[in-house]
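*Asks:* Take this structure first; my questions come after.
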Amino acid sequence: MNALRQVFNDHPKAIVFAAGALLRLLTALLFPSLPDLLTLRPEISTPVNSFRRLKEGSFLYERGLDPYDGGIFHQAPLFLSLFSLMPDPSFWIGRLVSILLYTGLDVLSADCLYSIAESGAAHTTRSFQSPRKARTWKPLSVAAIYLFNPYTLLACLGRPTTVFATAFTLLSISHACQRQTVTAAFALAFAAYVSLHPLLLLPPVGLLCYDRLCMDMDGSHDSPPHDETSFAPTTNSTIAVDQRAFPKAIPFALRFAATFAIFLALLLGLSRLLLPSWKFIPSVYLTALTLPDLTPNPGLWWYFFIEMFDAFRSFFLGVFALHMLSYSVPFCLRFQKQPLTAVVLMMGIIAIFEPYANAGTAGAWLSALCLLSHLFELSSLHRYTFPAMATLLYSTFLGPAFHHLWIYAGSGNANFFYAITLVWSLALLIILTDTVYSALRDEWEAERPEGKGKDVGQI
Amino acid sequence: MPLRTSSKGSSRVNIETVARLLTIRNSPILLRLPPFVSALCLVVGIAWLFILPLNEYSRQTYVSENAILPGQVHTYFGGSEHNVFRAYRHEVYQMAQWSQADRLAAIEGIMRDIGLKSARQPYRYTVAGEDIQGTNVYALLQGPRADATEAMVLMAAWRNFDGEINHSGVALALTMARYFKRWSIWSKDIIILIPADSTYGSEAWVSAYHSTATEVTAWRNVSELSIKAGALQAAVAIDYPVGPWGHRFDKLDILYDGINGALPNLDLLNTAVSIASGQMGIGCSIHGVAAHSDSYQDRLKTLARGVMTQSAGHATGPHSAFMPYHVDAITLKTVGDGWHDEMSLGRTTESIFRSINNLLEHLHQSFFFYILLNANRFVSIGNYLPAAMLMAGNFTIAALALWLQSGRAPMTPTTKPADTASKLDGLQLEKVKLGDAVVLVPIQATKPMIRHLFLPVLAALAVHLFGVLPLKALVSLHRDYLTLSLQAIALASYLLPSLLSILLVRTLSASTQQIQILQSLSLLLLSAVLATLATLNFSLAFVVGVLAWPLAFVRPLFNPFAASMTLTSTNLHRSLLLAGQLLVTALYLALSPATVLYILTRYFDTSVQWTLLEMAKAWQIQGVYTALVVWAIWWPAWIVGGVVLTSSAWKPRS
C-alpha cells in the first residue's frame with residue numbers, strides 16, 4: 001500500500017495517464033464487440049463523424065473511386081490517407097490499432113488540458129484575477145476527469161472523427177496559453193478542417209493568445225491591477241500598465257486570422273492533391289450547414305428539419321446557423337477579462353448547438369469545463385449543478401432506451417427519442433448558463449468584494 | 001446582466017421578496033421535508049396501482065386498426081375437416097410413442113402430402129451443465145396472392161409450456177394447414193411451425209429466422225433455416241394438449257407476455273378476443289383468471305398476476321420468443337370443461353388468420369404498453385406509468401436531499417431538545433442583514449462546505465461494478481452449485497455492508513459527509529435506472545422500486561446509550577430507540593435481494609435450484625435481463641444502503 005502510494009506520489013501524471021490509456025485498451029480487449037456496437041450508436045456516430053462511414057470512404061478511395069460521390073462520406077480527405085495506412089479495422093488487429101490511435105488522441109487531449117490548467121489562464125489574466133483563485137483544481141484532476149469521463153471513454157471506443165477535432169481544439173488552446181500564436185492557429189485550423197465548427201473558436205482563441213502575449217510583456221503578473229479605480233466603467237482596465245509595450249490589437253487579430261486562413265488553405269490544398277476534384281469541399285463543409293442527412297443524433301436540428309416544410313427549410317437553416325454564429329463575438333466582448341472562459345463557453349455552444357451533435361463532443365466539453373473549477377463553488381451554491389447533472393444521468397439512460405423502443409422494439413416512435421435529446425440539451429444548456437452566471441458573478445465580486453456570499457436580485 | 005445585492009436604495013418590496021426567499025431557501029421546514037415527500041411518492045405510487053381497476057382509470061378495449069375487420073368473414077372450417085382432424089389426432093397420438101427421428105419424418109411426411117415445402121431445424125443449447133436440444137419442423141404455405149414479402153406463423157409446440165404433449169394442438173395446426181392450402185385468398189405466406197419445445201424451440205427458430213448466419217459457440221448451436229419467407233407480421237400458437245378421444249373446453253386463455261415484459265400490439269389481442277367471444281361465443285380469460293366476475297377484486301387479481309408475470313420477464317409460451325423481434329404473437333390455450341370443441345377453436349384460428357391477412361402494414365395502430373384487467377378492459381400507459389415514475393422519483397428526491405445535506409455543516413448533535421428554548425440555544429444564530437430587513441439564520445445553514453467527492457464516487461462505482469460478480473456466478477456456474485452459490489451470496493451480502501463500512505470509515509477515514517454523498521449517488525443511479533426500466537418493463541421497475549423502498553430512508557444507526565444521549569432522554573425513551581433500530585435492521589436484512597428470492601420461491605412453492613436454473617437459462621438463451629436488474633442494480637444499491645446503516649458503528653471514538 002505504502003509502496004503504491006510512493007510510486008503514485010513520484011509520478012502522479014504518468015500513473016493517471018497510463019491508467020486512462022489502459023482502461024481504454026482493456027475495455028476494448030475485454031468486450032471485443034463493444035467498439036463495433038458503439039460505432040453504430042446514433043449518440044456517438046453521426047453522418048459527419050461515423051467511423052463506419054469512414055471505412056466506407058476509405059474502401060472507395062483505395063479502389064480509385066471518388067469517395068464523395070454518393071452522399072455517404074462527409075469527412076475530411078486527410079483521414080482517407082491516414083486510415084489507408086492502417087490495417088483494416090474489420091479485424092481485431094486493425095480494431096486494436098485504431099483504438100490505440102484514438103487512445104493516443106485522448107491522452108494528447110488530457111495532456112493539453114493539463115497544461116492549460118497549469119498555465120493558470122482561467123483565473124489570472126492580464127486585467128483580472130479571480131478572488132477564488134485558490135479553489136482551482138490541480139491540473140492532474142482536470143486531466144483525470146477527461147480521461148475517466150464515461151462519454152469520452154465511449155467516444156474513444158466508438159472512434160468518431162470528431163475526437164480529432166476535440167484534440168486539436170484543446171491543443172490550440174494549450175498553445176495559446178503558452179503564447180505560441182502560430183501553432184495555436186495551426187491546431188485550430190486543423191480542428192476547423194476536420195469539423196468546420198471550431199471555426200467559431202477563432203475570435204476567443206485569438207483573444208486568449210492576445211491576452212497571454214500582453215501578460216508576457218507586462219511581466220509582473222503576480223499582482224494584477226486590482227484596486228477600485230482601475231475598474232471604472234468607462235476606462236480601459238489595462239490603463240495602469242504601459243500599454244504601448246503591448247502588441248496592437250487589430251494588427252494582431254489580422255495576423256492571427258491570416259495565419260489561420262493560410263494553414264486552412266494549405267490543408268485544403270493538400271487534400272486536393274489526394275483527390276481528383278474539389279468536390280470534397282461541398283460534401284464536407286456544406287453538409288454541416290445544409291443538413292442533407294437527417295439521421296437521428298442527440299442534437300437539436302434533425303427532428304426540426306424532418307418536420308420542416310421545404311419552403312421554409314433554407315430560411316430556418318440560416319436562422320439556426322446564425323444563432324450559433326451569434327455567440328462567438330459577444331462572448332469575446334463580455335468575457336474580455338477572462339478569455340479562457342469565453343473559449344470554454346464557445347466550445348459548449350458548439351457541443352450543444354452543432355447540427356450533428358454527439359455525446360463525445362459534449363463529454364469533452366464537460367471535462368474542459370473543469371478548467372473553470374474555481375467557479376464551481378458559485379455554480380453549485382447558487383445554481384443548479386446537481387439537478388442538471390442528475391438530468392444528464394437520466395437522459396444518458398433514457399436516450400438509448402427510447403431509441404431501442406423506436407427502432408428495434410417498434411413500440412415507441414421518433415418523439416420518444418426526440419424528447420430525450422431535448423432533455424439532454426436542456427441539461428447541458430443549464431450547465432452552460434450556470435457557468436456564465438458564475439463567471440460573471442466572479443468578475444463582479446472581484447470588483448465588489450463586499451457582495452461575496454450574498455444572494456442577488458436581477459434587474 | 002447586471003447583478004447586485006438588494007442595497008439600501010432599492011425598493012422595499014424587493015428587499016422583502018429577497019429576504020423571504022432567503023428564509024425559504026434555508027428554512028428548516030423545507031430542509032426536513034424531503035423524507036416526507038419521498039414517503040408520499042412511495043405511498044401514492046403504490047396506491048396508484050389500486051385505483052387502476054376502477055372504471056374511471058381503465059378503458060374498454062377497441063380495435064384500432066381498420067384493416068383488421070375481426071369476425072367480418074364467414075368461416076368455412078367444419079364438416080369433413082372434422083374427420084381429417086380426428087385422423088391427424090390419432091396419427092399424432094401414434095407418433096408420440098415413436099422415436100424422435102420417426103416422429104419428425106412422420107410430421108414432415110404429412111406436411112409434404114398436403115403439398116407444402118417443409119424443413120427441419122435442429123438446435124442445441126448448453127446452459128449450467130444442462131443440455132437442451134430438439135428439432136423444429138416447419139412448412140411454408142406460399143400465399144396465392146402473396147409476393148413473399150410478408151408471412152404469418154401458425155404454431156403448435158410438440159410439448160406445451162407445462163410439458164404435456166400437445167396432441168390436439170399439433171393435429172389442429174396440420175388440419176388448418178391442409179385447409180388453408182385450398183384457399184386462394186392468402187395475401188401473406190403462412191408458416192406452419194411445430195417447435196419441439198415451447199420455450200427454446202420457438203426461440204431457436206425465430207432467432208435463426210432473423211439472422212443471416214448463425215455462429216456455433218460452446219453453449220449455442222442453432223442451425224440455419226433452409227426455407228424462409230418475408231417479414232413476419234404475427235404469430236398465433238395453439239395450446240390444446242388433449243389426447244385422441246378429445247375433450248371439450250370452456251374458455252380460451254390468451255397468453256401474451258413476451259420476453260422482458262414486451263407485449264404484442266393490443267389490436268392482435270383484441271382481434272382474438274372479439275373473434276372468440278363475439279363470433280364464436282367462446283369466453284376468453286387472461287392470466288388464468290377463469291371465473292372473472294368483472295368485480296374490483298377480480299380485476300385487481302388479473303392486474304397483479306399481469307404485473308408479476310411481466311416483472312419476471314421470462315417466456316410464458318411459444319409466442320414469447322417472437323416479441324423481441326418485433327413480431328406480435330399470442331398463444332390460445334384451452335382451459336376448463338365446457339361445450340366448445342376443436343372445430344370452434346379451428347374456426348377461431350381461421351378467422352384470426354383472415355384478419356391478419358387483411359393487414360396492409362405491420363400492427364402499429366393500437367397500444368404496445370398496457371395492463372389488462374380482463375379480456376376486454378385495459379389500462380393504458382398514461383394511466384399506469386406515473387406509479388413507477390413516482391417510485392423512481394422517490395429515490396431522486398432522497399438523493400437530492402442527501403446532496404443538499406452533505407453540503408452543509410453538520411447540525412448540532414443528534415439529541416432531540418426537550419423544548420423550544422433549548423432548541424434555540426443549541427443553534428448558533430447569525431444575523432443576515434438585507435437593507436432594512438434582518439433575518440436570523442442558523443450559522444450552519446449559511447456556511448457551505450466543500451464536498452470531497454473522490455472517495456464516494458470511487459466507492460459507488462466499485463460497488464456497482466462488483467454487482468457483476470453474483471450475476472456472473474449465478475448465470476454461468478453448473479446447476480449443482482447454483483443453490484450453494486446463492487447461499488454464499490446471501491451470506492456475503494449480510495456481511496459485506498459491515499466490512500465495506502469498516503474499510504471506508506476506519507481504513508479510508510470517510511467522513512459522514514462522504515457517506516451521505518455515497519448514498520446520494522447510489523440512490524440517484526438507482527432512480528435513473530428504474531425510470532429507464534419503467535419505459536421498457538414497467539412491472540419490473542415497479543416491483544424493484546417497491547422492494548428497494550427502505551433504501552431512500554436508510555440513515556446511520558446510532559447508539560442510544562452513548563454518553564451524548566444520556567443527558568437528554570429517559571431510559572425508556574432510549575430503549576424504544578434501540579428497539580426501533582433493531583426493527584429497521586431486521587427489515588433491511590429481510591429485503592435483501594437474496595432473502596426476497598428465498599421468500600418468493602417459498603411463496604410460489606418452487607425449488608430454489610429450479611428458479612435459479614430457469615433464470616440462468618433465460619439470461620443465457622433468451623436474454624432476459626431480470627437477473628441483471630436484480631444483481632447489478634438492486635443488489636449494489638442495497639449494499640450501499642447497508643454501508644450507510646452501519647457506517648456510524650465503526651467510527652473511531654475520539
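A Cβ is built for glycine as well, from the same backbone N, Cα and C atoms used for every other residue.
Annotations for this protein, taken from TrEMBL, read as follows:
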TRANSMEM  B:29-51  transmembrane segment
TRANSMEM  B:384-404  transmembrane segment
TRANSMEM  B:453-475  transmembrane segment
TRANSMEM  B:481-505  transmembrane segment
TRANSMEM  B:517-534  transmembrane segment
TRANSMEM  B:578-604  transmembrane segment
TRANSMEM  B:624-645  transmembrane segment
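I'm curious about the neighbourhood of these features; can you describe it?
*Replies:* Same-chain residues lying 6+ beyond the ends of the transmembrane segment (B:384-404) with a Cβ under 8 Å from its Cβ atoms: 31, 34-35, 37-39, 41-42, 44-46, 48-49, 52, 369, 371, 516-517, 519-521, 523-524, 526-528, 530-531, 534-535, 538, 541-542, 545-546, 548-549, 551-553.
Cβ atoms under 8 Å from those of the transmembrane segment (B:453-475) belong to residues 128, 482, 485-486, 489, 500, 504, 508, 510, 514-515, 517-518, 521-522, 525, 612, 615-616, 619-620, 627-628, 631-633, 635-636, 639-640, 643 of the same chain, restricted to positions at least 6 beyond its ends.
For the transmembrane segment (B:481-505), same-chain residues at least 6 beyond its ends with a Cβ under 8 Å from one of its own Cβ atoms are 128, 455, 459, 463, 470, 473-474, 514-515, 518, 589, 592-595, 597-598, 608-609, 612-613, 616, 635, 638-639, 641-647, 649-652.
If one looks beyond the transmembrane segment (B:517-534) by at least 6 residues along the same chain, the residues whose Cβ comes under 8 Å of a Cβ in the stretch are 385, 388-389, 391-396, 398-400, 402-403, 406, 451-453, 455-457, 459-460, 463-464, 504, 510, 540-542, 544-545, 548, 551-552, 554, 629, 633-634, 636-637, 640-641, 643-644.
Remote same-chain residues near the transmembrane segment (B:578-604) are listed as 486, 489-490, 493-494, 547-548, 550, 554, 557-558, 560-561, 611, 630-631, 634-635, 638, 641-642, 645 (criterion: CB distance under 8 Å, separation of at least six residues from the stretch ends).
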